[in-house]
Amino acid sequence: YGGMGLDFSYNIAVAEELGNIRCGGIPMAIGVQAGMATPALTRFGSDELKKQFLAPTIAGDFVACLGISEPGAGSDVANIKTTAVRKGDEYVINGGKMWITSGSQADWMCLLANTSEGPPHRNKSLICLPMNLPGIHVAKKIDKLGMRSSDTAQIFFEDVKVPRKNLIGEEGKGFTYQMLQFQEERLWGVATVLKSLENIIQETIDYTRQRKVFDQSVLHNQTVHFRLAELATEVELLRSLLHRAVALYVEGNDVTKFASMAKLKAGRLAREVTDSCLQFWGGMGFTSEVLVSRFYRDLRLMSIGGGTDETMLSIICKYMEILPSK
């Protein structure tokens, strides 16, 4: 379908390099295209659907978005309310989605909707939804704290009709497909922050080396250079966890626990690195002119998007058999 046929480790290699981009919005948009809206279609979609949606997405002719979150269902995916009711050879979709990355410009959406009245983990399906259909309303582009170069939309559906053949895989398997998709999404997100954090630390070293306070460089202060050494060590440990998880995933293993651990650590470390480094920049760190202030805002999303820290902790606890399975 136009791809190179490489395994998932190559996605992660690309994601790491994208971390050198000096903002979070562009790697995130590419990640939605490559690792969030398309994995389920790649794995479970029909040949016809792949030719219609996947091939032009890989070619860059289509922009894709992922329609999961709703105002009352962010990390709680099972609680979504959007419905896709079968009527003849069509689904009729009603409801809405919130915080949809690339939603204002997307050509199609990988939509998760309730297709039956059954149990919440078995009543959902994924559907390829063209975004130019009647009844789709992009309500607004959301103004955000960070990721300001990325368009994030609120979208409503009112009696939107889509062919039943646009169903990805089997009806009722959407929740399962999305949980599998989350593994790749979370690993991609972890990979994109590594270089960003390294660059923030290096720029902080360079700045504090030349910035003088009380007749000596800020970097000369042991509190500063020890802290930077600690943060650099934490980044390397996160990279090792990521690479272990990816290696296991490529071999066909379930890496939900490790992906969740890496996602949790990446979100917390992003906050820790940007906050600590911004402090060492002093007043300059509070301006919009330096990288550390941008990533202080952009990378805050890492602890929220794709599953909150608290959701990651719950998943980890389940796999450690600390909490009963639901």
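Every residue number used here counts from 1 along the chain in the order it is shown.
Using the three backbone atoms N, Cα and C, a Cβ is placed for every residue, glycine included.
TrEMBL annotations: computationally assigned, not manually curated.
Within the model, the domain 'Acyl-CoA dehydrogenase/oxidase N-terminal' (1-61) shows a mean pLDDT value of 96, rounded to a whole number. Annotation comment: TrEMBL describes 1-61 as domain 'Acyl-CoA dehydrogenase/oxidase N-terminal'.
Summarising the annotation, TrEMBL assigns domain 'Acyl-CoA oxidase/dehydrogenase middle' to 65-160.
Feature annotation from TrEMBL assigns domain 'Acyl-CoA dehydrogenase/oxidase C-terminal' to 172-318.
Secondary structure of the domain 'Acyl-CoA oxidase/dehydrogenase middle' (65-160) per DSSP (helix as H, G, I; strand as E, B; remaining residues coil): 3 helix, 51 strand, 42 coil. In the domain 'Acyl-CoA dehydrogenase/oxidase N-terminal' (1-61), the DSSP tally of helix, strand and coil residues is 42 helix, 0 strand, 19 coil.
Residue counts for the domain 'Acyl-CoA dehydrogenase/oxidase C-terminal' (172-318) by DSSP state, with H, G and I taken as helix and E and B as strand, are 122 helix, 4 strand, 21 coil.
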